[in-house]
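From TrEMBL, for reference:
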type	residues	note
SIGNAL	1-22	signal peptide
DOMAIN	37-331	domain 'Glycosyl hydrolase family 59 catalytic'
ACT_SITE	GLU180	active site, proton donor/acceptor
ACT_SITE	GLU256	active site, nucleophile
DOMAIN	339-453	domain 'Glycosyl hydrolase family 59 central'
DOMAIN	490-664	domain 'Glycosyl hydrolase family 59 C-terminal lectin'
Amino acid sequence: MCWRLSAVFVSALLASLRSATADSYALSDDKGLGRDFDGIGGLSGGGATSRLLVNYPEPYRSQILDYLFKPNFGASLHILKVEIGGDGQTTDGTEPSHMHYQDDENYFRGYEWWLMKEAKKRNPDIVLIGLPWSFPGWLGHGKDWPYDFPDVTADYVVKWIIGAKKYHDLHIQYVGIWNERNFDVKYIKLLRYTLDKSGLEEVRIIASDNLWEPIAQSLLLDPELSGAVDVIGAHYPGTNTVPQALKTLKKLWSSEDYSTFNDDDGAGCWARILNQNYVNGHMTSTISWNLVASYYEELPFGRCGLMTAQEPWSGNYVVSHPIWITAHTTQFTQPGWTYLQTVGHLAKGGSYVALTDGKGNLTVVIETMTHDHSVCIRPPLPAFNLTSQTATFNLQGSFASIKELQVWRSQFNFKTQKPSFFEKLTAVKLVNGSFTLDLAEDEVYTLTTITTGTKGSYADPPPSARFPKAYKDNFNAQDPPFSEASNFADQTGVFEYFLNTSDPGPHVFTMRQVVTQRPVTWTADADQTVSVIGDFQWKNMTVTCDVFMENVKNGGVFIAARVSKGGQDVRRAKGVFFWVFANGTYSVTSDIGGQTVLTQGKSGTEAFTWYSLSLTVQGQKASGMLNGKLLWTSSVKPDPPNGWAAIGTASFELAQFDNFAVVAE
């Protein structure tokens, strides 16, 4: 006897057999819901991580911003956290304070104001957070600690929040408190008092924006402190929290996380922690350091952003895959949604979360990242096993009536090296409130009732190109949109456009180093100020610049080539440094600290006079010119063989620079 089975029957039979071998998971609100979801964000700062973004020409700058902030387009971020600049080195550079000095206030320095406004322009509902890493030196009163006078520090931070609203119409919703050594209870209470006194009761405090302890235990023991703090923020928590933090009943956030090279393994790290920060640690927000890798790649933590935009001179940028991993959550949820209690780990590795808006919508995000393809830069990731699996999800409670879910998938495909990210698949039809998925290794799925998801795109940006070998800047910027000159990256000190009204000659518009006291540091600033520029691979070059010292007693300035270090490593920078001093001498050193002197002598230089310096480095020979005349020649060490060009000062002092130029081979 011959049997002909209908295609429908065969399909149903196979589905039944597949479902029978699958592990089953319930998604239900029958027993209530979990914690409120507070959003996914990116962090600009800590420090100077968006430095090069502002210099991009249009339309590329707007395209980058769209990939980050535009709803239903790219990362569609819910949160933007920015550094409250404090004039100090905070990882990859310095960001200017709104109060360099105690009697100084300026709410237009830097680029974070601009970035927040661009984010708001694209998403009016984006949540804004400010956090200081360093502080101007006057707040420390001679100490490297900002909390000996907590009322003064609280006033300083609140002025930044008020300035954001007054001058930029930006409403800061959260302010963080962070110091790696400790947190100051008196300061937290005074900050809450100062906020309330200033009519900013709605601004919430994140503490300690670093570690779970000792802040969690302190909140349990001190009711007044508990009343001041709304969120416990942890940095790089490894997806775990601590019992004391849970007992506080506060919101728990991973307020800085990721910090990982943005290749596909970095995207795998991001996929894993976005889910497991809640599954393991009950964290309802995860914020990426950093937002966009828009700083010279050879600085510390190069390309550790959600995307890369480090070539404003070419217009090239890269929409890295962490952007699309972010979209799996952000495009189908919003702050104010709620996690289901029914979240957890998959039987053969991986995790799933589910969220609802309370109005019938449901979003489920599933990740199956293997250990070796999801290691973050920190903390160490314990070993675990993950294999391919079949999973059936049963929708129960108020979700039982859902008939169809939209499906988005990312496949890393490490073996074939043919990844596919944020691909929209055919919607899945639910049978008796259930759906079944065959989950391979290293995949991310979103299943959702939300139908507005989009994989946004633009035409390819221009091709990548090296920094121009011939570059000059006369700093003649009338009414500049930003306080820093294009492509210079301040590593210690702050270099700003300056209108020199006291000089009627050619040096009316200059760049001025303005920090006159060592900041209250977060990391290791140099004892000298320095701003780098150019191509780190440059070997042979000529750097020229006009310089003007304003410190009669101890003034000193330099130009440099082959500068080897920046960021938090700037104190160890080597290269060729050509210094002139207000006492009439010059020096050539192979390090920024001036410890290894190659040659030195008389220069006749003094303060409040303009001089033209020129430094040529060719192989293991170097020479320097003063006002067009040869001043010195010297042999130089072969190490470092390459590096940036730079300008700077011998200490935290006022000095001006003009007519910068570099020609590299």
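Count begins at 1; order follows the chain as displayed.
Yeah, the Cβs are placed from backbone N, Cα and C, and that goes for glycine too.
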Cβ distance under 8 Å to GLU256 (active site, nucleophile), same chain, sequence separation 6 or more: which residues?
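GLU256 (active site, nucleophile) has long-range Cβ partners LEU43, GLY46, ASP209, GLY233, HIS235, TYR236, ILE287, TRP289.
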For the domain 'Glycosyl hydrolase family 59 central' (339-453), give the DSSP counts of helix residues, strand residues and coil residues.
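Output for the domain 'Glycosyl hydrolase family 59 central' (339-453) reads 6 helix, 54 strand, 55 coil.
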Across the domain 'Glycosyl hydrolase family 59 catalytic' (37-331), what is the average pLDDT of the model, as a whole number?
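That stretch averages a pLDDT of 97.
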